[in-house]
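Engineer: Would you mind keeping the following structure in view while I ask a few things?
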Amino acid sequence: MVSFISISQGVSLCLLVSSMMLGSSAVPVSGKSGSSNTAVSASDNAALPPLISSRCAPPSNKGSKSDLQAEPYNMQKNTEWYESHGGNLTSIGKRDDNLVGGMTLDLPSDAPPISLSSSTNSASDGGKVVAATTAQIQEFTKYAGIAATAYCRSVVPGNKWDCVQCQKWVPDGKIITTFTSLLSDTNGYVLRSDKQKTIYLVFRGTNSFRSAITDIVFNFSDYKPVKGAKVHAGFLSSYEQVVNDYFPVVQEQLTAHPTYKVIVTGHSLGGAQALLAGMDLYQREPRLSPKNLSIFTVGGPRVGNPTFAYYVESTGIPFQRTVHKRDIVPHVPPQSFGFLHPGVESWIKSGTSNVQICTSEIETKDCSNSIVPFTSILDHLSYFDINEGSCL
């Protein structure tokens, strides 16, 4: 159990925390565009298409214990550097509001400079670090912008596609449905772009500010589709509250537009839900495959255990996760609690054009893991100069 109290500047992770505290036994209440109904577990819901057994096979790659050492390795290395240069992490940790999961909420002024972190072409377990191309950065920026639109009340629940980021990234977008749950405030929408030939499924993240937060619990729940896989109980519960609202809508859109691709995205908690949704779509909808289904997350937390991470990798579904500088959220729940990121990481190291890609499909000690435990809540609020958490 980890606790921290109010943050004087920046955002709290209020909705993220509510999901972290939400157990699988919670009673979910959800609704589509203002209506309300009771949702049940996605894994047990007869209204959903059945699981495709061949798409739920446990991963053959069992990984290694070293996969869970990337973050602890850098925490020790960077803490030693910090203390050898006169810093005192022990004094920072004396107040619960300074650390969460061992990570700093507010960056110390004398933290190790980010320039000491991984550089391009450096080797690590399972891949290398390369510089993102201009085209790749434009793509990452686009999905950060689309994820930001979910914070606009005019979009969810307003059903209006008229915000600044809306018109910038998908000018011909048509909202098919919005969805929301009352218990965990899970929100999102399904959007179609005929020019881009794309069906978007977008989840809203955290947007509550300056609140007191205590007793974050990192509980696992069995991930029923895949033997041995476990995911965060709160993330799964919050996701399951809305699956009935969006799933048939995506299916209807695929039937009407069979050549369109499906892209799932979200920021913060929305990133966790996007990953779960992407896997659910792949496991139940035979028309979707790595050729027409992709997942892009922005500042998303860790979702599951190593078996879940290796399973996501084994599906072949393209999964790109973007992390801004020292954003703390991608480092919770901590690796030390048994959580592991799947996906190719794109790390905004500085500015908006210095972006590194860790090519491994499982997180390594490079990219954003290279700066722990010196993280910051402020870097969670902006990606590629796009405000995340507010509609601007």
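Numbering starts at 1 and runs along the chain as it is shown here.
In case you wondered, yes, glycine gets a Cβ from its N, Cα and C as well.
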Engineer: If you check Swiss-Prot, which stretch out of 50-69, 350-369 is marked region 'Disordered'?
Structural biologist: 50-69
Engineer: Where Swiss-Prot annotates a disulfide for Cys391, which of Cys14, Cys152 is the other cysteine?
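Structural biologist: Its disulfide partner, as Swiss-Prot records it, is Cys152.
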Engineer: Return the single candidate from Cys14, Cys166 listed in Swiss-Prot as disulfide-linked to Cys163.
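Structural biologist: Swiss-Prot lists the disulfide between Cys163 and Cys166.
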Engineer: According to DSSP, collapsed to three classes, what secondary structure does Cys358 (disulfide bond) have?
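Structural biologist: Its secondary structure by DSSP: strand.
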Engineer: Whole-number Å only: compute the distance from the Cα of Cys166 (disulfide bond) to the Cα of Cys152 (disulfide bond).
Structural biologist: 10
Engineer: Within 10 Å of Asp379 (Ca(2+) binding site) by C-alpha distance: pick out those among the recorded positions Cys152, Cys163, Asp327, Cys358, Cys367, Cys391, and say none if nothing qualifies.
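Structural biologist: If one measures from the Cα of Asp379 (Ca(2+) binding site), the recorded positions that come within 10 Å are Asp327.
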Engineer: Going by C-alpha positions, which of the disulfide-bonded residues (Cys152, Cys163, Cys358, Cys367) is nearest Asp327 (active site, charge relay system)?
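Structural biologist: Looking at Cα distances from Asp327 (active site, charge relay system), the smallest one goes to Cys367.
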Engineer: Taking only the recorded positions Cys163, Cys358, Cys367, His380, which one has a CA atom nearest to the CA atom of Cys391 (disulfide bond)?
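Structural biologist: Nearest listed residue in space: Cys163.
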Engineer: Pick the one among the recorded positions Asp327, Asp379 whose Cβ has the fewest other Cβ atoms within 10 Å in this structure.
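Structural biologist: Counting other Cβ atoms within 10 Å of each of the recorded positions Asp327, Asp379, the minimum falls on Asp379.
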